[in-house]
Structures are given as C-alpha cells and as structure tokens.
Amino acid sequence: MSTPAQYYQSLPPVSKFYGVACLMTTSAFYLALYDPWNIALSYQDVFKRFQVWRLITNFFFLGPFSPFFAIRLIMIARYGVLLERVPFDKRTADYVWMLMFGALSLLVMAAIPFLWTPFMAGSLVFMIVYVWSREFPNAQISIYGVVTLKGFYLPWALLALDLIFGASLMEDIIGMVAGHLYYFLTVFHRLAGGKYVLKTPLWVHKLVAYWGEGIQINSPVQRDPSAGVAFRGRSYRLDGNRARTTTAPSEQNQTDNSARQPNSGEGVAFRGKSYRLSGH
C-alpha cells in the first residue's frame, strides 16, 4: 500500500491543485483567517467596487468542514482524478479549459437572480461528476454499499441523496446543466457533423506551458524551459576559467578535431639544427 505522500504525488496536477485549494480555503475559514463573504460571488461588488477576485474565489469554497464538504472533496479525488487520468490523459490544457468553460457557464447562469448562489464550488464539482458519468456510463458504482448502479445514473443518484438530506438542489442542477452543455458541444455536436466550436484557446495552452505541470499532446506551445528552475547563470571551473554552457555542433566538431591532432610543439624543450657526429 502507498503512503499518503506517495498517493499525493501520484495525483494528476489539475485535480490535485483544485482539491488542495478547496481544502486550504476551508481550513483558513476554520481558523477564522478571513470572512467568507469577502470571497463570495456578488455582481454588485464586482461591477461597482471592482472586486473582480470574487469571480474566481467563489469556486474554491466548499463550505465549512462537514459531511457535505467531505463528500464534495471525495468527488474531486475520485471522479476528477479518473477523468483527468483517462479521457484527458496527456491533455492537461484541455482539462483546464473544461473547468474554465464550466466556471464561465456557471457565472452566466448565476447572473439570473433565482439561479444565483454565493459559492459555486459545489456546482463545479457536480459538473465534473456529470462529465465523468458521460465518459464512463457503464461503470459500476456503489452508493454507500447499499445500491449499485451504472455510472450514467450517478449524478441523478447524488441529486436524490441531497434531496433526502435536505440540501439545496440548485447547485447540483446548474452544475449538471454546465456539464451537459460542455459535453454537447464537444461530443454530441461533433457526432452530428457540427464544427468543433469549443477548441482549447491558445492562451490556455500558453498558461499550462508556463505552469510547467502536466502534458498536452500536439500542443501548439512549447513547454517553458525555465519552469521549475530556481537559478540560471554562468558556471566557472575551479581553475578560474569560465566553462561554456552550450556549444554549437560545428564548434564542437572543430574542438574534437583539434583535440585529435597532435601538437607539434607539445613537450619539446629545445628546437634547432641537428648535426651528425662526423661533422657533415
């Protein structure tokens, strides 16, 4: 069995980042380090007071520590990780774009007063679950060890459980709508002969390349070579001469050839005319 550190290192980068960010946000709230209403979604504060961070921070608060928080965090660790490892394997930029598109869709829906919620992290998690259920429709899922059903019905089963537990269904429903919209534009629309209208933008590829985590096959942007490098500079040999960091191939060949040619003056202590002992 792997240790917790090994399990953490094995997680794909995007799901790991989002899960840890949600955990740290709730932990900071538990320690009373901030008022959660300062990060809640409020369009009035966004447009009148220019508090634009609310458009992002509301997606990282899953609520206080509770069974509801634990279930949502497990959803990220379970279904978000599986989604990133299989359908989005070596497609980190596409997975980031899926989450961004879901967040943008939820923000648009939240502009409608009766669909507004102050924190939409639960809706984004439910979108992940919905997309997973579409990608793994025949997977066998056990609900608390009591009911076993196919993956396609998982969002509806979770919706029924929230209804039984008395939780709000609005977050779940708009999350399912955002997930269905993404899956329709990326799969159903293309299967019907439509154009691929939800291609990952170039700036998302650049963002992932600059981040330096994950892999994106056929990416139009090369990964940033400086990602993860703490220091760059010139190196020096111990004898005081500066060492070259890079050498062109032609220069390298010339250096090798010159090294192979014997130096006629190397090791000679005296040069001059030679005479035989007979005097001729």
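We number each residue from 1, going along the chain as drawn.
Cβ coordinates come from backbone N, Cα and C, glycine included.
Keep in mind the model is a prediction, meaning the values are calculated, not measured.
Per TrEMBL, the features are:
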TRANSMEM  17-34  transmembrane segment
TRANSMEM  55-76  transmembrane segment
TRANSMEM  96-129  transmembrane segment
TRANSMEM  173-192  transmembrane segment
REGION    241-280  region 'Disordered'
COMPBIAS  243-264  compositional bias 'Polar residues'
Which bits of the chain, at least 6 residues beyond where the transmembrane segment (173-192) starts or stops, bring a Cβ under 8 A of a Cβ in it? 98, 101-102, 105-106, 109-110, 115, 117, 120, 122-131, 134, 155, 159, 198
With the cut-off at Cβ under 8 Å and a gap of six or more residues from its ends, the chain residues touching the transmembrane segment (17-34) are 11, 57, 60-65, 69, 72-73, 76-77, 80, 99, 121, 213
